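*Asks:* Residues or ranges marked as transmembrane segment by TrEMBL: D:12-30, D:65-83, D:95-118, D:124-143, D:155-181, D:187-213. Marked as domain 'Na+/H+ antiporter MnhB subunit-related protein' by TrEMBL: D:99-208.
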Amino acid sequence: MSELLLLFDLLLTVTLLVLATAAIMSREPRRAVILYIAFGLLLALVWARLRAPDLALAEAAIGAGLSGALMLAAARRATAAKRQHASQPGTKGETS
Amino acid sequence: MITQFLYGGSGILLFLLGTWSFIVHPPLIRKLIAINVMGAGVFHTLVALAYRGLTAPADPVPHALVLTGIVVAVSATALALAFGQRLDRDHGSSADDD
Amino acid sequence: MMIDLLALAVAFPLLGAVVVTATPSHARGLGLASAVLTTLTSLVLSLGVWRDGSVRSDFGGWGAPLGIGLQADGLSVAMLVMSNLVALAVSVYAGSYFSATARRHFWPLWLLLWSALNGLFLATDLFNLYVTLELLGLSAAALGALSGTRAAVAANLRYLLVGLLGSMTYLMGVALLYSRYGMLDIGLLAEVIEPGLVAWTAMALMFSGLFLKAALFPMHFWLPPAHANAPAPVSAALSALVVKAAFYLVLRLWLDLFDPVLNASVANVLGLLGAGAVIWGSWRALRAERLKLLAAYSTVAQMGYLFIAFPLLVATPPGLARDNLLAAVVLLAMTHGFAKAGFFLAAGLVQKTAGHDRINELGGAAQALPAATFAIGLAGVALIGLPPSGTFLAKWIMIEQAMIQGLWWWVVVIMLGTLLAAAYIFRVLGHAFNREPTPYRFVNDARTEIPALLLAFISAFVLGLIAQPLWTLLDQGVLG
Amino acid sequence: MTPAWAKVLIPIVLIAIGAVLVWAFSLAALEGGDRLALIALERVPESGVSNPITSVLLNFRAYDTLLEVAVLLTALLGIWSLGPAAPAFQPASPILGGMIAWVVPLLILSTGYMLWAGGHAPGGAFQAGALLGAAGVTLALGGDASAGLPGETRLRFLSVLGVLVFTAVGVILMALGYGFLTYPEGYAKWLIIFIETAATLSIGVTLAAAYLGGEPRDERTSRSAT
C-alpha cells in the first residue's frame, strides 16, 4: 500500500516538475501559459493529496484559473500584435 | 516523513527553476510565469511541511499563509499584465520590454 | 470605549482609501482629512511611547504564537513619526499638484501605501510583514506609474517585478523559519532561535529579498529610473519612505531576531555593499543630467551610509557607544527622509515651472522660484551633512566610532561620499543661481512650496539641534 | 541580453543555493516540531467555525487577511490608473452564448455554496470570490463588454466593500472594548460570515474588473471602441 502511494507521489512530482520546466522553457507565449495552467491544475491535485483541499480549490480557481485566464488574454494580444507586426513590411518581429 | 522530503524538495526545485527563468528570460509574460512558478515552489514547500501524514490533520497555519500568498500572487500578476498592456498600447508592439 | 492607537494607525488610512475610492469626486478633501487623522493618530501613539514605553496590542485576543499583534517601540516610533510627517507634507503638496483625473487615482493608492507603511513599522509577525511588503510594493509601483509616460510605466513595471522577486525570496526564508521553529512572532522566535545552518540560510534569504527592495548596491539598478520618472510627490514618498521601510526591516530583524546568528563577516559584506552604494551612487548623481535623476542616485548613495553602520555596530561592544551609534543610524535615516522628500517636492516644482528638469538649463530658477531653490539648498545641507543637520551629527558619531575601533577605511568612504555629495549639490545650486536677480515673490504657490520648505528645514536644522528626544525614544525597547 | 559567462554562472550559483536550501529544510523538518499546528487545531472550536483554515484566516490571523483584501483592492486601483482597457472580445457564437447562459448561473450558485460551506468544509471567501470572478470572466469571454459588472458608482462601492466591512467590524469591536478584530464570544460565527460575504462580493467583482482592465466608466463601451 505505502509503496504504491510512494510510486504515485513520485509520478506526481516528476510530472509537476516536467510541466513547470515545459512552461518555463516555452518561447511561444500562448503555449507557455497553457502549460502553466496545466501545471497549476496538477499542483491543485497534489495539494488535495497532501490533505489541503481548501488550497487545492483555491489554486485551481485562482492560481491556475484566473491567473491563467489573465495571462492567456495577454498572450493572445501579444500574438495578435506580433502577427500584425510581421505583416507590416519594414518592421522586425522580435526574436528573443 | 519521506513524503514531506519528496514534495518539499520539489518545492525548492520549483523555486529555483522560477528564479532562474525570471533572471534569464526577458519577455514580461515569461517573467510572470517564472514568478508564479517561484511562488508555487514556496507554497508547495509550505504545504509539504504542513502535511503530517494521512491520519493526522495537516497544520492549518501554513495553509492559511499559502491561501493569502495565492491571492497576493494573482493580484500582482493582474497588475503587472495591466502595466504590460499599457506599454503595448503606447508602443504598438508586444510586451517584450526588458 | 477603548481606543487602540496601534490598530487605528493602520485602520484610518485603510478606511480613508475605501472612502476615497467610493467617492472619487471628493478625493482631495476626504484624502487630506484621512491624512491628517492618520498623522495625528501616529503622533499621539508616538508621544505615548516616548512617555510610557513600548506598547503592544494583540488582535483577536489570541496572543502571540497563534494570533497577530502590533507593537510600537522606540525604533518603530521614530520611523513612524518621520514617515507620517513626510507623508502629511506630501499629501498637502499632492493636493494641488495633480490634475482632477490623476487625483482620483492618486488618493486611494496613496492611502493604501500609507497604511502599508504604518503596518510595516508596527508589525511583529514575519508573515504579516510579507503582506505589508506586498501591499507596499504594489501600491508604490502603481503610484510611480501615475505620471503616465512610457518611461515611468516601464521603470515601475520593472520595480514591481523586482519587488515580487524580493518578497518571494523573503517568504522562502519565513517558510524555513516556520518549519524549524513553528512560529512567526519575532519576539518569540528571538527566544528560541539558535545559530546554525537553518537560521543562517533563513537570514540570507530574507535579507537578500529586502536588499533588493532597499536598492542596496549592486541591486539598485531599478531605483533611479523608477524614482526619477514618477510624479514628484510620489518620488518623494518612494525615495524618502518606501526604500527606508525595507532598510528598517533589515535593522529590525538584525537587532531583534538574528542578533545571535550574526557575525562580523556578514556585517562587513553589508558595509562593503554600502560603501559601493555611497561611491557609485554619488558619482552617478554628480554625472546626472536631470534634477530628479540626481536625487534618485543620491538616494542610492544615502542608503549606502545606512548599511555602512552594520560593521560598526557589530564591532562596537554593547554599551553607551553602541547605543549612540544606533541612534546615529536612525537619525541618519530620519534626516534623509525629510531631506530627500523636501528635495523631490522642490524639484517637482522646478520641473513644473520650467517644463523640464535638465540641470544645465536651470539658469535663473533661483529667481523664478526662490522658495523651491531655498528648499533644495536646505535639503542639500542635510544631504551633504553640513552642521547643524542631523546627518552631520550622525556621520560624526559614525566616524568617531570607526576611529575608536580602528576601522579607518569606513571613514575614508564616508568622507569621500560627503565630498561627492557637496559637489553634486553645489552643481545644482550653481546652475540655479547663474543669472542677475530680478525681484520676484519668495513664495509663489504656498500649498506646494511650504511643504517642501518645511521638510527641508526640519532636515537641515530641527533634527540635528533637537536630537536628544531621539535618544530618549530609542531607550524605549531597542536600547534598553 | 544575458552574457555568456552569466549563462553558465547563474545555474551554478542557483544549484549551490538549492543544495543549501535542501539541506537547511531537511534539518529544519527533522529538528522542528509542530507546536503551532497543535495550538491552532486545539483552539479551532473557540473560533466560531469548524474549518481550521477559515479559523486561521478569519479569526486567529484575521488582520493578515484584511491586508490581503487590501492588496487585491490595490491591484485593481492600479489597473484602473493605467487607463482604458484593451479591446473587448468578439461577441460569442450562439452555441457558446447558450453555454454561457448555463455556466454563469451555475458559477454564481456554487459561489453561494462555497461561501456557506467554508465554515465547516473546504471552501471560504476566497474560493467563493474566485468563482464569482470566473462568472464575470465567462461573461467577458462571451463578448459582454462589462463582464456583468454594474456601473461605476456601484462598481466602486462593491470593490471596496470587503475592506470596508472588515475594517469597520474591527474598529467597531475596538470601540466597544473588545479589541481590534476581537470577536465577542458567541458572535464570532456571524461576524465571520458577515465579513466573508462582503469579502466574497469584493473579491469576485475585483477579479472580474481586473480581467476586464481599464477604468470604470459608464461610457466604457464607447471608450474602448476608439
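Using the three backbone atoms N, Cα and C, a Cβ is placed for every residue, glycine included.
TrEMBL annotations: computationally assigned, not manually curated.
Tell me about the setting of these features in this model.
*Replies:* Beyond the transmembrane segment (D:12-30), no same-chain residue lying 6 or more positions past its ends has a Cβ under 8 Å from any Cβ of the stretch.
Sequence-remote contacts of a segment are chain residues at least 6 beyond its ends whose Cβ falls under 8 Å from one of its Cβ atoms, and for the transmembrane segment (D:65-83) they are 57-58, 159-160, 162-163, 166-167, 170, 181, 199, 202-203, 206-207, 209-210, 213-216.
With a cut-off of 8 Å between Cβ atoms, the residues of this chain six or more beyond the transmembrane segment (D:95-118) that come close are 49, 51, 54, 124-125, 127-129, 131-132, 134-135, 138-139, 141-142, 148, 196-197, 200, 204.
Confidence for the domain 'Na+/H+ antiporter MnhB subunit-related protein' (D:99-208), expressed as mean pLDDT, is 91.
Long-range neighbours of the transmembrane segment (D:155-181) within the same chain, counting only residues 6 or more positions beyond its ends whose Cβ lies under 8 Å from a Cβ of the stretch, are 62-63, 65-66, 69-70, 72-73, 76, 149, 191, 194-195, 198-203, 205-206, 209, 216.
Sequence-distant contacts of the transmembrane segment (D:187-213), counting only residues of its own chain at least 6 positions beyond either end whose CB sits under 8 Å from a CB of the stretch, comprise 47-49, 54, 58-59, 62, 65, 69, 72-73, 75-76, 79, 82, 85-86, 111, 115, 118-119, 124-126, 128-137, 139-140, 146-149, 155, 158-166, 169.
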*Asks:* Summarise the domain 'Na+/H+ antiporter MnhB subunit-related protein' (D:99-208) by DSSP state, stating how many residues are helix, strand and coil.
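*Replies:* Split by secondary structure, the domain 'Na+/H+ antiporter MnhB subunit-related protein' (D:99-208) comes out as 81 helix, 0 strand, 29 coil.
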